[in-house]
Amino acid sequence: MLILLQTLNEQNIISLGDYYFAKLIADKQQEDLPEPTKNLAVLLAALCSWHYAQGNTCVELDKALERNLFGLAYRATEKDYLAEIQQKIDFLSVEQWQSHLRGHLAFTQDPISHIAPIVFQFNALYFYRIWQDEYRVAQYIKNTLKNHRTLAFSPDEIRENLARYFPQQTEEIDWQKVAVATAIKNPFTVITGGPGTGKTTTVTRLLLVLQELYEHRLHIKLVAPTGKAASRLEESIQNALVFLQQSMGLSEVLVQSIPQKAETLHRLLGVNAFNEHTHHNERNPLQLDVLVVDETSMIDLPLMAKLINALKPESRLILLGDQAQLASVEAGAVLGELAQWVEEPYSEEQADYLCQTTGYNVPSTAVANPMRDSLCHLTFSRRFDKDSGIGKLAEQIQRGNGEESLKLFSAFPQELYFNRLNAEQSEKDWVHQVVESAVENYRLYLTELRELQGQCVDFNQLNEEGKTYAEVIQARFNSIRFLTALRNSPLGVENLNKEIALALRREHLLWFRNEQDWYLGKPIMITENDHNVRLYNGDIGLCLANGKVWFGNREVLTSRIPAHEPAFIMTIHKSQGSEFDHTIMVLPTEHNPVLSRELVFTGVTRAKKSLTVFADEKIWKIAVRQTVKRQSGLGKLLENFTQTGD
């Protein structure tokens, strides 16, 4: 089996890591086992590793897997390997795998009492540490919701406070108000919603209500997965506080009790970059009362487990996110698993509480579901007008309607533009179209920058509108963003960043000798966190003077800039949580596993005013149709709880 796996590695079907993990199991397993059983153990080790790299936390043991090991069924030239694999495991069916590996040193079927590298649970295969992470997250949710069912305040107190922050009682259910009421009652709450539905505005009102109820005594922290997301959370909270203070006359004491600084989850937990251990854990928990986590869809399972381990049992956890967006880069789909019950009705007990506190009659059922009662989905988007082209396009994408979504580009020509990359054209033609568009779109900020340099302007100086010139130029650059699905391809980040820079130089809009040089007008994106310089993965900066890069109003010497890359174009993944007046999205011209409905939806909803797409129509329709369903056991671990409440 190892020789066959080595061949699969050489064919780039599995990774070297997959092969070496399988080899480790082969070297350590009992020698007296039958050959098919030993081959099966080695195969499943590689399979477990391969699936984890695809973002799955487990491998579901079903007939579909048996017919498509390592995705070989989709590879016309490598299908023969499937037959060879089946031969080496003596044609054992997937239903027989678990029983044949009972007693094998590397496998356990009772991970609570017997530890082994690979776990069989719920008819699925796990790495032990990943099963442990899922189990910990599920147990935390069960225990938290089960042990804190007593309401700390009377419904009348809650209703009075909610009425202050939501003075208008609309006929339609105000789900923001419902979300705040839900989070007051529950120590664990998940608030989901698409772009512009007001998740951070809702949580600002929630924190204000909580501080009023608890007489300003709560210690609150705000976190997000990345530095960029943390900055956006800060900005949103600050803007919401300014608006509410002005419109409601909030006291300064109350406003100051709400944190206006956010940090990354890694920084909060004190994650060690070398061994992934955390400063805060079950032995040294975080000393806080309320933790708000934004952009939860970006958080992978291991990081969520670290967060859960670091919380005190009495701490209140509020997760915000959009389950329709891309899942985390690493394994797991935590938000998607937690939000799967969001369309179901609330329990009668929860519906009664919500009626007493909000005045709204929400759909209910006699079946108790503590997990459902901790969820709230915001539906009304303030970013997109209901009749806007972008809003309608996002809606059709979510429904998986590729054909209908394409028609909208013709229906809204002022807002949506589809630039067809035809199969008859060459790669060079495709790249040229995108690069030409980038030159025209970036011409304005570079021309303005050149004019300011000619006037010897100090970029920290304020203009007539009270903004620094650094802010003005950055705002101009950040109003437009080119996004692409891939990193390594002619239409990927690395090649397009290079080609765009060279084209701008040919137009005399940039001056540099080597692409790696620091040159005026160069945009960069930070690719690793540096707490000393306070720059984080995803931060965008602009070189506006010799030896200096501006990040907002902060100027940083180029000698202190951590790892980075050019940012004329970035991946759709990296754009999550951001928004731009004009978004230009580039999709590959051939089918690729990364293409999905979630990817397209994320890219489209970055646009506030207009959207341009470079794609092949056929590929667009395939991507919109294809949804990502990661294999995970978190939902199964919570299923019994949702059905019984125990």
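Every residue, even glycine, has its Cβ placed from backbone N, Cα and C.
Values in this document were obtained by computation on a predicted structure and should not be read as measured data.
Among the features that TrEMBL reports, domain 'RecBCD enzyme subunit RecD N-terminal' is placed at 10-126. If you take every residue in the domain 'RecBCD enzyme subunit RecD N-terminal' (10-126) and average the pLDDT, you get 89.
DSSP assigns GLY196 (ATP binding site) to coil, not to a helix or a strand. The ATP binding site annotation in TrEMBL covers GLY193, GLY194, PRO195, GLY196, THR197, GLY198, LYS199, THR200.
Here TrEMBL flags 567-613 as domain 'UvrD-like helicase C-terminal'.
The Cβ of GLY196 has fewer other Cβ atoms within 10 Å than any other of the binding-site residues GLY194, GLY196, THR197.
Residue counts for the domain 'UvrD-like helicase C-terminal' (567-613) by DSSP state, with H, G and I taken as helix and E and B as strand, are 11 helix, 17 strand, 19 coil. In the domain 'RecBCD enzyme subunit RecD N-terminal' (10-126), the DSSP tally of helix, strand and coil residues is 63 helix, 11 strand, 43 coil.
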